[in-house]
């Protein structure tokens with residue numbers, strides 16, 4: 001299935017999978033910029049809304065993407081429907097992890113521990129393998145920064161993420177520079193119940209969120225916003241399998257996160273309240289000015305100048321405008337501003353102690 005339900009690369013960027021149709025409006029160069037900003041940073045509202053972290057908003061259905069949004073790499077080109085397994089089948093569950101953009105940069109980002117996560121399955125009855133992953137429809141840049149279209153007053157976002165399921169596991173891709181390891185064994189019936197959950201999760205969780213935002217790097221620091229990316233999909237799926245009765249092996253599992261550090265965020269409003277006819281024109285201009293350096297299709301000279309502008313805004317003036325749940329927030333940035341981590345998050349414990357899920 002091209003997508004689990006209806007409907008490229010970030011910390012969850014998958015390997016390239018073919019050229020997308022239409023103009024390449026999404027050729028972004030900001031993966032190196034994020035790394036540069038993280039290095040440079042290391043060197044150098046309404047009270048009723050303030051539930052921290054802000055809950056990720058879910059939707060009743062997945063909207064069709066706007067035709068303006070075109071992917072450089074086709075989303076889920078070999079996708080297929082999730083098969084119905086026989087209840088007495090034994091399904092092996094594999095942890096899959098490989099460097100982001102391995103198809104383009106090899107193990108370069110692997111050395112920096114910037115990894116993409118997925119899940120593999122193997123049916124012992126049919127001996128067929130399957131891969132399931134969740135990633136951006138229009139690549140990382142569009143999920144993280146908007147387009148500033150001259151015919152529109154508000155920033156325009158091409159931000160959707162979705163699940164992709166297809167037959168086969170590319171052993172060399174996952175093993176050569178990453179991880180392919182058995183983490184659990186489940187029944188076919190348990191797999192089928194998981195599949196129903198995946199479809200519902202995919203239809204209601206429609207957009208990608210790059211950043212995890214919290215008050216400081218300290219353990220237990222206040223967290224303002226959670227990311228919503230490939231690793232979070234894998235973690236949610238593991239939790240669901242544990243809920244259904246899966247027993248996971250005791251092995252170390254680490255995941256990439258991109259953190260922003262800020263004081264308590266200030267809620268600014270949604271697109272209408274900020275950019276509409278009665279919106280705050282000064283605030284609207286400030287938000288667009290902040291996003292301007294992140295635009296795509298820059299020459300080398302423009303790209304370097306944009307890096308300086310980003311550094312000035314985020315590190316010198318300590319400002320960041322975050323778009324989350326289709327609403328805008330102001331982040332008063334704090335040292336170390338931005339950081340890419342590779343953290344251990346343990347596999348879940350079995351939650352259902354009966355044999356009903358087996």
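Heads up, residue numbers simply count up from 1 along the chain you see.
Keep in mind that glycine also has a Cβ here, set from the backbone N, Cα and C atoms.
The topological domain 'Cytoplasmic' annotation in Swiss-Prot covers 1-29.
Residues or ranges marked as region 'Disordered' in Swiss-Prot: 1-23.
According to Swiss-Prot, the compositional bias 'Gly residues' annotation covers 7-21.
The transmembrane segment feature in Swiss-Prot is assigned to 30-46; the stated evidence is sequence analysis.
The feature topological domain 'Lumenal' is assigned by Swiss-Prot to 47-358, with similarity to another entry given as support. Looking only at the topological domain 'Lumenal' (47-358), the predicted model's pLDDT averages out at 92.
Sequence annotations record features per position, and here Swiss-Prot assigns disulfide bond to 69-158 (among others). According to DSSP, residue 158 (disulfide bond) sits in a coil region rather than a helix or strand.
The disulfide bond annotation in Swiss-Prot covers 76-164 (among others). Mapped onto three states, the DSSP output places residue 164 (disulfide bond) in strand.
The annotation active site, proton acceptor is assigned in Swiss-Prot to 116. Residue 116 (active site, proton acceptor) falls within a strand when secondary structure is assigned with DSSP.
What Swiss-Prot records for 129 (among others) is N-linked glycosylation site. A simple way to gauge crowding: the CB of residue 129 (N-linked glycosylation site) has 16 other CB atoms within 10 angstroms, across all the protein chains here.
Under the three-state DSSP scheme, residue 142 (N-linked glycosylation site) falls in the helix class. The N-linked glycosylation site annotation in Swiss-Prot covers 142 (among others), and the record cites sequence analysis as its basis.
Annotation comment: Swiss-Prot describes 177 (among others) as N-linked glycosylation site. All protein chains considered, the CB of residue 177 (N-linked glycosylation site) has 18 other CB atoms within 10 Å.
Reduced to three states, the DSSP call for residue 202 (N-linked glycosylation site) is helix. Here Swiss-Prot flags 202 (among others) as N-linked glycosylation site, drawing on sequence analysis.
The DSSP secondary structure for residue 230 (active site, nucleophile) is helix. Annotation comment: Swiss-Prot describes 230 as active site, nucleophile, evidence class similarity to another entry.
For residue 254 (N-linked glycosylation site), the same-chain residues 6+ apart in sequence whose C-beta sits under 8 angstroms from its C-beta are 113, 342, 343, 344, 345. Under the heading N-linked glycosylation site, Swiss-Prot lists 254 (among others), citing sequence analysis as support.
All protein chains included, residue 270 (N-linked glycosylation site) registers 16 other Cβ atoms within 10 Å of its own Cβ. Residues or ranges marked as N-linked glycosylation site by Swiss-Prot on the basis of sequence analysis: 270 (among others).
Look at Swiss-Prot and you will find 280 (among others) tagged as N-linked glycosylation site, backed by sequence analysis. In the three-state DSSP classification, residue 280 (N-linked glycosylation site) falls within coil. A sphere of 10 angstroms centred on the C-beta of residue 280 (N-linked glycosylation site) encloses 15 other C-beta atoms.
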Legend entry - For the region 'Membrane-anchoring' (303-342), the number of residues DSSP places in helix, strand and coil: 14 helix, 22 strand, 4 coil
Inset, instruction - In whole Å, note down how far the CA of residue 280 (N-linked glycosylation site) lies from the CA of residue 129 (N-linked glycosylation site). - result: 54
Inset, instruction - Kindly assign residue 69 (disulfide bond) to one of the three DSSP-derived states: helix, strand or coil. - result: coil
Legend entry - Length of the line joining the Cα atoms of residue 69 (disulfide bond) and residue 142 (N-linked glycosylation site), in Å: 9
Inset, instruction - Please tell me which one of the recorded positions listed here (116, 142, 202, 280) sits closest to residue 164 (disulfide bond), measuring Cα to Cα? - result: 202
Inset, instruction - Do me a favour and check the Cα-Cα span between residue 76 (disulfide bond) and residue 202 (N-linked glycosylation site); whole Å is fine. - result: 14
Inset, instruction - Have a look at the recorded positions 142, 158, 177, 230, 280 and say which one has the shortest Cα distance to residue 116 (active site, proton acceptor). - result: 230
